[in-house]
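K.L.:
Right, I'll just put the structure down here and ask away after.
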Amino acid sequence: MFSSLKRYIRIKHCTVVYLGGLFIFSSWFLEDYERLWRGLLIVGFYVLFDLLWTYIRDRIWYVPISSVISGLVIAVISMPAPSLLLIAALPLIAVFSKQVLHLGKNRLVFNPAAFAIAVAGLFAPSVSWWGVTWGHIPLSIAIIAGLIIIWRQNRWHVAASFLVAYAFFLKILFLMSGVGIFDLFSKLRPQIIDGTLMFFMTVMLIEPLTSAFPTKRQQIIYGVLVGFFAVAVTYAGQLFGWSDTDPLIWGLLIGNITAALLFLPTVRRM
């Protein structure tokens, strides 16, 4: 029954409703409507840049649902009050990543939203995860909607491998930092049951294009790599004082390129 139900769920449209609803509800709940209009500008610029770039290259117009999704992701996780320069720069960088940074002919390498956040973060604070960090409500929404997305996209193995690897390597990092064995659970729990992690794992990690590899085994390894690199960036941040380096964002990007270089046939032939 559930398998046949998948045919009637248009995942891109459902994701737009989920992200748009989360974005609007968070702005309303926090009574900060400036976040709302700034976020809508980010989405609008993303759609505009993507449409223009595609038309200039291919002379076609299309319905940019994926652009709306990426724009909403940026709106939800970026700084709550970005400057007008950042409002324009974030979607432009993301569209550049989507349109240009390919392996082979059409294979997207980096998650566009994560790439834009990371590049902008080299010059100014760019990430806050504000839309999913303000309480139990966004956590619950992220879990429920995220489970539906994972089920519809058949990405359980990717999300699970990431979560297990992330928890495992985080546990090692805590032990290295002097946390006692009996204190590990209380230390790990808020890191795992967290709106930021749930949103990241169920929206950004399993993004269809950058999480697609020829075999399920390779997709599982991709999840493990992202979990490992996220904790490695956490450790490097502590070691070198990189306080503005977001471990999930950079872990995802390093995992994107590493898995692509390892597993994509077009890369291995080069």
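Even glycines carry a Cβ here, placed using N, Cα and C.
TrEMBL annotations: computationally assigned, not manually curated.
OK, TrEMBL features for this one:
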type	residues	note
TRANSMEM	12-30	transmembrane segment
TRANSMEM	36-53	transmembrane segment
TRANSMEM	60-77	transmembrane segment
TRANSMEM	83-101	transmembrane segment
TRANSMEM	108-127	transmembrane segment
TRANSMEM	133-151	transmembrane segment
TRANSMEM	163-186	transmembrane segment
TRANSMEM	192-213	transmembrane segment
TRANSMEM	220-242	transmembrane segment
TRANSMEM	248-267	transmembrane segment
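Context for these features, please: burial, neighbours, distances.
P.N.:
Same-chain residues lying 6+ beyond the ends of the transmembrane segment (12-30) with a Cβ under 8 Å from its Cβ atoms: 36, 39, 65-66, 68-69, 72-73, 75-76, 130-132, 134, 137-138, 141-142, 145, 148-149, 152, 203.
Under 8 Å from some Cβ of the transmembrane segment (36-53) lie the Cβ atoms of residues 23-24, 27-28, 61-62, 64, 67-68, 70-72, 74-76, 78, 81-82, 87-88, 90-92, 94-95, 98-99, all in the same chain and six or more residues away from its ends.
Outside the transmembrane segment (60-77), and at least 6 residues removed from its termini, the chain residues within Cβ reach (under 8 Å) are 12-13, 15-16, 19-20, 22-23, 26, 38-40, 42-47, 50-51, 54, 90-91, 94-95, 98, 112-113, 116-117, 127-132, 199, 203-204.
Within its own chain, the transmembrane segment (83-101) is flanked in space by residues 38, 41-43, 45-46, 49-50, 53-54, 57, 67, 70-71, 74, 108-110, 112-113, 115-117, 119-120, 124, 126, which lie at least six positions past its ends and keep a Cβ under 8 Å from the stretch.
Below 8 angstroms of C-beta separation, residues 70, 73-74, 77-79, 82, 86, 89-91, 93-95, 97-98, 101-102, 204, 207, 209-210, 244-246, 249-250, 252-253, 256-257, 260 of the same chain, each at least six residues beyond the ends of the transmembrane segment (108-127), sit close to that stretch.
Using a Cβ-Cβ cut-off under 8 Å and counting only residues 6 or more beyond its ends in the same chain, the transmembrane segment (192-213) has close neighbours at 15, 19, 73, 76-77, 107-111, 113-114, 129, 131-133, 138-139, 142-143, 145-147, 149-150, 153, 155, 158-159, 162-163, 166-167, 219, 222-223, 226, 248, 252, 256, 259, 263-264.
For the transmembrane segment (248-267), the list of distant contacts is 103-105, 107, 109-111, 114-115, 117-118, 121, 127, 196-197, 200, 204-205, 210, 213-214, 218, 221-222, 225-233: same-chain residues at least six beyond its ends, Cβ to Cβ under 8 Å.
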K.L.:
Residues sitting near the transmembrane segment (163-186): Cβ under 8 Å, six or more positions beyond its termini, same chain?
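P.N.:
Those are 192, 197, 201, 223-228, 230-232, 234-235, in sequence order.
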K.L.:
Taking residues 6+ outside the transmembrane segment (133-151), which of them lie with a CB under 8 Å of any CB in it?
P.N.:
2, 6, 9, 11, 14-15, 18, 22, 25-26, 29-30, 159, 193-196, 198-199, 201-203, 206
